[in-house]
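Chemist: First the structure, which I've put down as structure tokens, then a few questions once you've had a look.
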Amino acid sequence: MPNVVASIALLIWPLVTLALFSRLSPGRALLASLLAGYLLLPPLPAEFDPPLLPSLNKDTIPSLSVLFTALALGRVRLSELVPRHPLIRIALVAFLLSPLMTVLSNDDALRYGPRQLPALRLAEVPGLVILQALLVAPFLLARVFLREARDHRLLLWAMVLGALAYTLPILIEIRLSPQINIWVYGYFQHSFSQMVRGDGFRPIVFLYHGLWVAIFVAMAVLAATGLARQARGREAVGLWAVTAGLGVVLVLCKSLAALLYTLVLVPVLALTPRRVQLFGAAAMAALALGYPLLKGAELVPQDAILAWAESVDPDRAQSMGFRFDNEDVLLERAWERPVFGWGIWGRNQIYDPQSGRELTVTDGRWLVVIGTFGWVGFLAEFSLLAFPVLLLWSRSGRAPPAPVSVTLAVILGMNLVDLLPNATLTPLTFLGAGAVLGLTEMRGARLERSRQSGGPAMDTAPIRTVL
């Protein structure tokens, strides 16, 4: 059970956020509150659970705090949070309101032997809509406060510094086993057996799972690579050293997927021109958006992937095969109510009809969303995350954005791909998507002004393609 320190940490975070917004620029305050909250606050089951409202926890409290503080202090007006692009607006409305349709289409209770899953009630709609609003708040605020290249550089540096600050706790848990959350907050937040890998441990620190730690370190490695390529002199040497050091930490995190992403994308960021990098980011975003269709059409080469995984690590291949099997049966379940899904309370899972025992495990975020809110919910959420990258690529033309912005798009693309096997959706995911969208809108507005004035549409300076 969480101790009093966990409760105090959650309770004081709005005050921390207020202090940050009082002392820092809005972009820095937004980034500091969300990133520090993500890395330091106690994970579930530490929460406050008010009736008919969403859980107040390490995800929702920082989001609520930054949204309320920014509005209350006049740092942003509510009207400024509305995206300009019509497709993004449609996705935002669908994201916020799809829970209403899900509730209306799931007014039947489900029974599996002794287990009964309740019908959804209209009283649950406000809580679900508020939860969706808190999830998307970092996206909307980052679109306003983190839209320029200098803001993207700040975001990359924040990832690097956050990972460096996490390095010592990570190394402690690799050596001693995951214990830090127990020492500080009085409980272990997941299954300890899942943190054991071979003859060692996966670090978890204050996050939900070791996979979350690994993907965050992978983001930081890519961020350091992008910064190092643009640096000069001692700064470049230091950043390449940081990249190598964080790469070693990533290996020690024992996550094959995060390591593979990094091994592929570090050379891309270090050696290729920005157009290639941006195309890769767009391809990853498109894959995340189209994966359910590929899966349903049986176009995912599962056998080949499993055969390769078997050659690398039989245990990982077994885990991957289990995930694929669950995806198949849960996707069939989702097709029974494809438009708005099955709703909450585990109604999207498969149960034994006699014993009521739960037979499936949902890993990927895409599968969670499709099962819960249907195709409408999936397309809304993943469009908000993927469209900014696709729009940035499609509108880049002959003048790609600044290198730091392209690096951010690549990091976001990697995170989107990881949402297929895992549920590593974090405030950083929405922050990155909002920052990329803000840049895209700003570039579009400048292009329109240039066309109206008859001047050059965009800076067309040569692109440096070598180190």
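Including glycine, each Cβ sits where the backbone N, Cα and C put it.
Nobody curates TrEMBL annotations by hand; they come from automatic prediction.
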Chemist: Quick one: which of 314-334, 335-355, 419-439 does TrEMBL have down as transmembrane segment?
Modeler: 419-439
Chemist: Take a look at 205-227, 276-294, 366-393, 419-439 and tell me which one has the most Cβ pairs under 8 Å to the transmembrane segment (125-142).
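Modeler: Checked against 205-227, 276-294, 366-393, 419-439; highest Cβ contact count belongs to 419-439.
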Chemist: Give residue numbers and ranges for long-range contacts of the transmembrane segment (239-264): same chain, 6 or more residues beyond its ends, CB-CB under 8 A.
Modeler: 160, 163-164, 167, 170-171, 174, 197-198, 200-203, 210-211, 213-215, 217-218, 220-222, 224-225, 227-228, 231, 312-313, 316, 414, 417-418, 421-422
Chemist: Could you tell me what the rest of the chain brings near the transmembrane segment (419-439), counting residues at least six beyond its ends with Cβ under 8 Å?
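Modeler: Cβ under 8 Å, 6 or more out: 30-31, 34-35, 37-38, 59, 62-63, 83, 85, 88, 135-144, 146-149, 151-152, 155, 159, 211-212, 215-216, 219, 257, 287-288, 291, 320, 323, 362-366, 368, 382, 384-385, 387-389, 391-392, 401, 405, 408-409, 411-412.
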Chemist: If you count every Cβ pair below 8 Å, which range out of 86-105, 154-172, 366-393 shares the most with the transmembrane segment (276-294)?
Modeler: 366-393
Chemist: Could you check if the transmembrane segment (86-105) is in contact with the transmembrane segment (366-393), meaning 3+ Cβ pairs under 8 Å among residue pairs at least 6 apart in sequence?
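Modeler: Contact criterion met.
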